[in-house]
Amino acid sequence: MDQSNRYARLDLQEADLIAGGRHVLCAYVMKPKAGYGYLETAAHFAAESSTGTNVEVSTTDDFTRGVDALVYEIDPEKEIMKIAYPVELFDRNIIDGRAMLCSFLTLTIGNNQGMGDVEYAKMHDFYVPPCYLRLFDGPSMNIADMWRVLGRDVRNGGMVVGTIIKPKLGLRPKPFADACHEFWLGADFIKNDEPQGNQTFAPLKETIRLVADAMKRAQDETGEAKLFSANITADDHYEMVARGEYILETFGENADHVAFLVDGYVTGPAAITTARRQFPRQFLHYHRAGHGAVTSPQSMRGYTAFVLSKMARLQGASGIHTGTMGYGKMEGEAADKIMAYMLTDEAAEGPFYRQTGWGSKATTPIISGGMNALRLPGFFDNLGHSNVIQTSGGGAFGHLDGGTAGAKSLRQSHEAWMAGVDLVTYAREHRELARAFESFPADADKFYPGWRDRLHRAA
């Protein structure tokens, strides 16, 4: 059934929809299956995403038609489809009237993903009007709160130097805590890897107790504050809360040095909201393990990593992993920096829309995946600043002189970039950084040709 007479309004102008302030706008890359027209399929998509079904129903009235989702722009050659969703369509909490991301997803990327006339459809961007934007929680904490704990400038404190304890599984409590202590002697921040929790060989309560002790010892030995991101991911709301409360109790006076990591993609919006609302004084660390199943450029359905990042800020993530923008081992490219800008700026350009009016704290980009001291300067050059959390697993513990030296090499790389000094030149007077060149020779050869002669040349 062709529903384009009802669910398509190509005379609508995007600027007018934005000025009107009552529509969420979504841009998709969509291809109909063979034999289906583009506008017909787009209209069916909008109908299935809002008030329609595959037939006319007798219960439809004028009010219902007034909240139809509408296709307002198509470009069949580029496979671009844009849809305007009235904000009235989206579900609200009965306890406080707040918005919920699960409703946003159910409409904009729900049943439409399985339609028989759609070859593929993927959301690449969305715009949220101010009246709906302010109904989301937004972040309660971000990198500025970490800088405060670390004793830095809370406006421009620079990179928080971190690691992921490796191997990601298989370490028992004491070796895990020992690795934490080793890294903390040289840098700032340690996170659980996403599967680390309460395995039988590493009970959470024992591990956390030893990690809290390792933090105290490292702080005493260095005179510096240290940070830990503890995984509280669980299927059950009460389990998440129980883990969080135990962790805070165990860290005691260092409770504000603790972030809570949640695997937000695999557990969904409910887990992120649980952490955001139950623990508003903790940094909420959104790990996105599994997201590549829908966000990868190889996947033609779902949504992009940019969309995921923007949704994370709406929900209140303090920080979210954004990949390495082509500078590490994970899928990505330099242009992915627009994700970071959407997370941090009050107004930012997306692939299709300019989002304004955040009115909330920024969300911190978390950089991880194949990074080491040699790759950082290029990454910072591309991004234009270094106000990120950066976690290197192999980049720290793959250092020839161990985790402490690896941690120091990451700090030294950041110091060199901040000072505008060439990395090889800086390494001549910083042994840990110099040894990073020897630890990662393939990267050294790629990014710093002739480094061996330059490094050992007299200053």
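Note that the numbers count up from 1, one per residue, in the order the chain is shown.
Cβ from N, Cα, C; glycine included.
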- Among H257, H321, H399, Swiss-Prot assigns to the substrate site of N111, K168, R288, S368 just H321
- Inter-residue C-alpha distance, H287 (active site, proton acceptor) and K168 (substrate binding site) (nearest angstrom): 14
- Message: I'm trying to understand the geometry here, so how far is the Cα atom of K166 (active site, proton acceptor) from the Cα atom of S368 (substrate binding site), in Å to the nearest whole number?
- Response: 13
- Fewest neighbouring Cβ atoms within 10 Å: which of the recorded positions K166, H321? K166
- Task: Determine the Cβ neighbour count for S368 (substrate binding site): the number of other Cβ atoms within 10 Å of its Cβ.
- Result: 24
- List, in sequence order, those binding-site residues among N111, K168, R288, H321, S368 whose Cα sits within 10 Å of the Cα of D193 (Mg(2+) binding site). K168
- Query: Cα distance, E194 (Mg(2+) binding site) to K168 (substrate binding site), nearest Å?
  - Reply: 8
